[in-house]
Amino acid sequence: MTQQPQAKYRHDYRAPDYQITDIDLTFDLDAQKTVVTAVSQAVRHGASDAPLRLNGEDLKLVSVHINDEPWTAWKEEEGALVISNLPERFTLKIINEISPAANTALEGLYQSGDALCTQCEAEGFRHITYYLDRPDVLARFTTKIIADKIKYPFLLSNGNRVAQGELENGRHWVQWQDPFPKPCYLFALVAGDFDVLRDTFTTRSGREVALELYVDRGNLDRAPWAMTSLKNSMKWDEERFGLEYDLDIYMIVAVDFFNMGAMENKGLNIFNSKYVLARTDTATDKDYLDIERVIGHEYFHNWTGNRVTCRDWFQLSLKEGLTVFRDQEFSSDLGSRAVNRINNVRTMRGLQFAEDASPMAHPIRPDMVIEMNNFYTLTVYEKGAEVIRMIHTLLGEENFQKGMQLYFERHDGSAATCDDFVQAMEDASNVDLSHFRRWYSQSGTPIVTVKDDYNPETEQYTLTISQRTPATPDQAEKQPLHIPFAIELYDNEGKVIPLQKGGHPVNSVLNVTQAEQTFVFDNVYFQPVPALLCEFSAPVKLEYKWSDQQLTFLMRHARNDFSRWDAAQSLLATYIKLNVARHQQGQPLSLPVHVADAFRAVLLDEKIDPALAAEILTLPSVNEMAELFDIIDPIAIAEVREALTRTLATELADELLAIYNANYQSEYRVEHEDIAKRTLRNACLRFLAFGETHLADVLVSKQFHEANNMTDALAALSAAVAAQLPCRDALMQEYDDKWHQNGLVMDKWFILQATSPAANVLETVRGLLQHRSFTMSNPNRIRSLIGAFAGSNPAAFHAEDGSGYLFLVEMLTDLNSRNPQVASRLIEPLIRLKRYDAKRQEKMRAALEQLKGLENLSGDLYEKITKALA
């Protein structure tokens, strides 16, 4: 590393000394050498002697002109071009060269296959030209692209196409103009040869918008679902939020080499092809729903992110937390609200809580950052969305929408802060959110402890609710938060008891604002069964001494699907904790009959939504289970999970087989009822695979060979690998032979290989680095093989001999210089060393020290390693 990366602090924010109002870009494109000409209209806002500091990385400067005159008062510093002696208003012209082909970090302008494309968020524009690369500089962009017509027949950028023409030597040009001022992180350029799916959407005010979806040649038949999802997103945003699209054209381009999931560049979204391409034989139900969600997410950014952007990157959750909330609502309105909520909560409990307990713990609005790319996190996005959801809960839909309208009235066309958003919500609703604001500044997961008491003589039921947030590496002191805590009370017949106090009805969302509070309810005629933290009304851990009877009662009677699922989770948690302790003492699994019977009742319930039944029957992942413990024993957790699966498979064998057969569907449709039945059927298959081996082998093999869709084929393959059935190797080979030329389809196969419970899994993963479908230059391949091994196979990654850690160190050493962003994602499991026993900690620490000693250690890795070793 050349020099130690410097931390940036939120409280150091200063408005820029200069603003750029308009920028005219010309790209003379070539993969090896692209010439960029940037002509900017600049205005000074700071002191008259303030120099103009432009950000730039990996650029070859050709010339600098001010008002058409060659300028000499400039100097290049590391990561910057500093220009002095400037007039108050001026035209700045910079010419520089870049090499897209040499750009393996996939930040700025780079090569994806035969195409050229960009990724500018957060700080990628500085890899294209010298500029004020910060989100509070909003300019109108005009972009002219010149390129070889045969190689790059399509030349795309933001806004509307305003001119085009032919040049000699087989070259052509296109000019684009975006009338909306935007920060440079929203700039995009794509050049290549594509198949195009075209459609139109008529907005509610009657404007016709051209929709264009660009995919690699030969992939057109995998594009229609994405187009359907886009039209659904546009319609939903008009109906639910009153927001209409504002340009004449909306383009999406799918590329194979992409660090993120997708990017909301104004009018020209660039997507990881994983979130665009789907055909029934290549994509699962989950893929279809993920595509719908991500297309929605990027489209919704047009207002929450583009029309109103962030003042600085510390405010990232302003656009991301809000837009994730919007995409969750979109998925819930179009699909099953309960299943969507359950999946959001699985992410929070299994992954985000772990981030809160890690060395990288940060509030949803961080206070200190070294490398901004490291803060595109579950905390900023998913916990950020939970914070928006709490505001929605406290205000209600009507007031929340008034708050949104006020937010746009005040901030459209400008760069705003999280405080601006909360202020708009407060002003529109007259609800005091001053205490609530602590969610933006405090990190960590609050723990809410509930104690209850019933007095049959006074017919009163009392809840005592206390909260504490454990210290995190970034904050020793914690304050009580404003927690909306939703409850329901059930009588012994399973009916909801109306909440009353002093003859008045009480809202079912309790406002918990102090370290400890007591809530008393009158006219409760029996000892009630409480449902607590209904709908996961706040992102907290709940502590309450449940009895098994209470939980099985809620699994049967709760009127809310989420509460039924959550009760099943709590019941399992009791026996996961018990059995991990037993395993550590060398004792066998113990599971009372009534627990198996509670799951049997779900299978036999004819009224239950199959989608909910499937969720209840899906055991928590090993990562979700890990969050039940302070010190994680990955081997014990994996073995308890398998033993639990085998026990339930044996106990419920007849019911599982009956439900499996009853939910067979001959046709495949992406409809929510069909998805629900498939999910339930495949959840049953997963258990059946752990039953009697011969029967399981036949059943799984039959489903794999008869499947007319990827969902069922992959479910069979996945079950074969998880249960280590005799048929697994033959099935895996068949899949490889059929799909080895399709990277996205092979990603599923790589994930199964990497998460296999086989003892020699690491040896297999090492061998697959040489597989014909694998390459270290594609982030999707890296995530599906190396990422899945390190992040989703903890028993193997945390092998006692430290072999998993050494493997990851090798991979990160390569990726550190090749693609620091991807390396930084992969290191996460290694930095959480303090959650493991002393022997593992020692080996993890040694691995981190080895990485810390790399000569050219990237800022991305430096930040995480130094925090982990602190």
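Just so it is clear, glycine is given a Cβ too, placed from its N, Cα and C backbone atoms.
Copied over from Swiss-Prot:
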BINDING   GLU121, GLY261, ALA262, MET263, GLU264, ASN265  substrate binding site
BINDING   HIS297, HIS301, GLU320  Zn(2+) binding site
ACT_SITE  GLU298  active site, proton acceptor
SITE      TYR381  site 'Transition state stabilizer'
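Positions of the features from Swiss-Prot, shown on the structure.
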residue : record                             : Cβ within 10 Å
GLU121  : substrate binding site             : 24
GLY261  : substrate binding site             : 15
ALA262  : substrate binding site             : 23
GLU264  : substrate binding site             : 23
ASN265  : substrate binding site             : 27
HIS297  : Zn(2+) binding site                : 26
GLU298  : active site, proton acceptor       : 24
HIS301  : Zn(2+) binding site                : 25
GLU320  : Zn(2+) binding site                : 24
TYR381  : site 'Transition state stabilizer' : 21
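In terms of Cα spacing, the recorded positions GLY261, GLU264, TYR381 that come within 10 Å of HIS301 (Zn(2+) binding site) are GLU264.
Of all the recorded positions in the record (HIS297, GLU298, GLU320, TYR381), the one with the smallest CA separation from ASN265 (substrate binding site) is GLU298. Between the CA atoms of HIS297 (Zn(2+) binding site) and ALA262 (substrate binding site) there is a gap of 9 Å.
Closest in space to GLU320 (Zn(2+) binding site), of the recorded positions given as GLU121, ALA262, MET263, GLU264, TYR381, is TYR381, taking the CA atom of each residue. Comparing GLU298 (active site, proton acceptor) with MET263 (substrate binding site), their Cα atoms are 6 Å apart once rounded. The full span of the recorded substrate binding residues, GLU121, GLY261, ALA262, MET263, GLU264, ASN265, taken as their largest Cα to Cα distance, is 13 Å. Calculated from their C-alpha atoms, the gap between GLU121 (substrate binding site) and TYR381 (site 'Transition state stabilizer') amounts to 15 Å. Annotated pair TYR381 (site 'Transition state stabilizer') and MET263 (substrate binding site), C-alpha to C-alpha distance, rounded: 14 Å. Sequence-distant neighbours of MET263 (substrate binding site) (same chain, 6+ residues apart, CB-CB distance under 8 A): GLN119, CYS120, GLU121, ALA188, ASN269, ILE270, PHE271, GLU298. Residues GLU264, GLU298, PHE300, THR304, GLY305, LYS319, LEU322, THR323, VAL324, ARG326, ASP327 surround the recorded Zn(2+) site, their Cβ atoms falling within 8 Å of the Cβ centroid of HIS297, HIS301, GLU320, which are themselves excluded.
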